[in-house]
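Here Swiss-Prot flags Gln167, Lys342, Arg371, Ser372, Lys393 as (2R)-2-phosphoglycerate binding site. Residues or ranges marked as active site, proton donor by Swiss-Prot on the basis of sequence analysis: Glu209. Look at Swiss-Prot and you will find Asp246, Glu290, Asp317 tagged as Mg(2+) binding site, backed by sequence analysis. Among the features that Swiss-Prot reports, active site, proton acceptor is placed at Lys342.
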Amino acid sequence: MSKIVKVIGREIIDSRGNPTVEAEVHLEGGFVGLAAAPSGASTGSREALELRDGDKSRFLGKGVTKAVAAVNGPIAQAVLGKDAKDQANIDKIMIDLDGTENKSQFGANAILAVSLAAAKAAAASKGLPLYAHIAELNGTPGKYSMPLPMMNIINGGEHADNNVDIQEFMIQPVGAKTLKEAIRMGSEVFHTLAKVLKSKGMGTAVGDEGGYAPNLGSNAEALAVIAEAVKAAGYELGKDITLAMDCAASEFYKDGKYVLAGEGNKSFTSEEFTHFLEDLTKQYPIVSIEDGLDESDWAGFAYQTKVLGDKIQLVGDDLFVTNTKILKEGIDKGIANSILIKFNQIGSLTETLAAIKMAKDAGYTAVISHRSGETEDATIADLAVGTAAGQIKTGSMSRSDRVAKYNQLIRIEEALGDSAPFNGLKEVKGQ
């Protein structure tokens, strides 16, 4: 009943109005899985390749008809007749057929869409929710937890058209007892922040991930206005709400220096920028910092881990790109203590699960993440619960492409009840 009988690829539109790949996988029992590939803006240089057409006369070169053709042609032919429940085999067939290190033949966007659609179809054929099927694929059947959200309420960097260098300023509702309560707390702070920004004459337009994107005098000012909003919403900073940042430092790394254009082109060495971040953690309850240095600055990361790693969660995104080879090197060298997990950085569900397992086995945490270009596909919610990853980044409290994931988490928590605990701050490395 789980044999693949049809695969359909199509070009759809993501949350930025750019094309992306959607795949349908049909099984002989009439079961269907539907999944879409997300797309990043600030991308690591070692990510699996997102195949774009490059035809400037169509979607400004961002079309994905080549990737869709790969789904409808060679990929479909290769997986027809195969058992969708054997996820590792489905993924291996596609990866081997592509034959490149970075999936550049078919595109990670093509392979990932089929990989996730096959998993959804297989879950349906087993009569299981997707999170339960993922837990079985993960070798941890029935072991679930609800993730602590990192809510990106001020957007900067590549995610917004403003003067803020650091890409994401996030809140974590650690005082919540349930995921649903965490979402309520996040929503209240988000709306209160709008009032705070308006009272200061600042804009409340939102960025790619649904957070506000005001022009600010400094990166520290973003933390200050969030702190004000937390208090005005009736919460205590550090007890009810903690803070997290994604520096995406590769985006402002120039000629061996970290240059903050929004602060008058202030320039820092790796060590200086580490201490700049350390000073912020002394002023505010920041418990997690992502990509605090450039992805290639491993010597700097070793220093940053030495200085901050025993008290702050240091998350590698561009640094590790959900790649087990790179992650293993980082673990061996004591670089960072957490990995950001993005399906499309590596391009298949099987490889994603391997990265989560490797991180956990090494004592690193794993933070499941969206991309800045998203769709209504909420698979990452099921991934977070099904692997008991413990943390999720899926944007702010606006934009349907972000809220779709929160709503799926609410549904899952309702279905699982006490069998999926919400552990709050305990999930964060160093806390």
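If you go along the chain as it appears here, the first residue is 1 and each next one adds 1.
Each Cβ is built from the backbone N, Cα and C atoms, and glycine gets one as well.
Overlay of Swiss-Prot feature records on the structure.
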| residue | record | Cβ within 10 Å |
| --- | --- | --- |
| Gln167 | (2R)-2-phosphoglycerate binding site | 29 |
| Glu209 | active site, proton donor | 31 |
| Asp246 | Mg(2+) binding site | 29 |
| Glu290 | Mg(2+) binding site | 29 |
| Asp317 | Mg(2+) binding site | 30 |
| Lys342 | (2R)-2-phosphoglycerate binding site | 25 |
| Arg371 | (2R)-2-phosphoglycerate binding site | 29 |
| Ser372 | (2R)-2-phosphoglycerate binding site | 26 |
| Lys393 | (2R)-2-phosphoglycerate binding site | 29 |
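Spatially, by CA atoms, the recorded positions Glu209, Asp246, Glu290, Asp317 include one closest to Arg371 ((2R)-2-phosphoglycerate binding site), and that is Glu209. Listed in sequence order, the binding-site residues near the residue listed as 'active site, proton donor' (C-alpha within 10 Å of its C-alpha) are Ser372, out of Asp246, Glu290, Asp317, Lys342, Ser372. In the three-state DSSP scheme, Asp317 (Mg(2+) binding site) falls into the coil class.
If you check the binding-site residues Asp246, Glu290, Asp317 against Lys342 ((2R)-2-phosphoglycerate binding site), the ones with a Cα inside 10 Å of its Cα are Asp317.
Relative to Asp317 (Mg(2+) binding site), the binding-site residues Gln167, Ser372, Lys393 all have Cα atoms farther than 10 Å away.
The CA atom of Asp246 (Mg(2+) binding site) is located 6 Å away from the CA atom of Gln167 ((2R)-2-phosphoglycerate binding site). The CA atom of Lys393 ((2R)-2-phosphoglycerate binding site) is located 11 Å away from the CA atom of Glu290 (Mg(2+) binding site). Taking the Cα atom of each, Gln167 ((2R)-2-phosphoglycerate binding site) and Glu290 (Mg(2+) binding site) are about 10 angstrom apart. Taking the Cα atom of each, Ser372 ((2R)-2-phosphoglycerate binding site) and Glu290 (Mg(2+) binding site) are about 15 angstrom apart. For the (2R)-2-phosphoglycerate site, whose annotated binding residues are Gln167, Lys342, Arg371, Ser372, Lys393, the maximal Cα to Cα separation is 17 Å. Listed in chain order, the residues near the Mg(2+) site other than Asp246, Glu290, Asp317 are Gln167, Glu168, Met245, Cys247, Ala248, Ile289, Asp291, Val315, Gly316, Asp318, Leu340, Ser369, Lys393, each with its Cβ within 8 Å of the site Cβ centroid.
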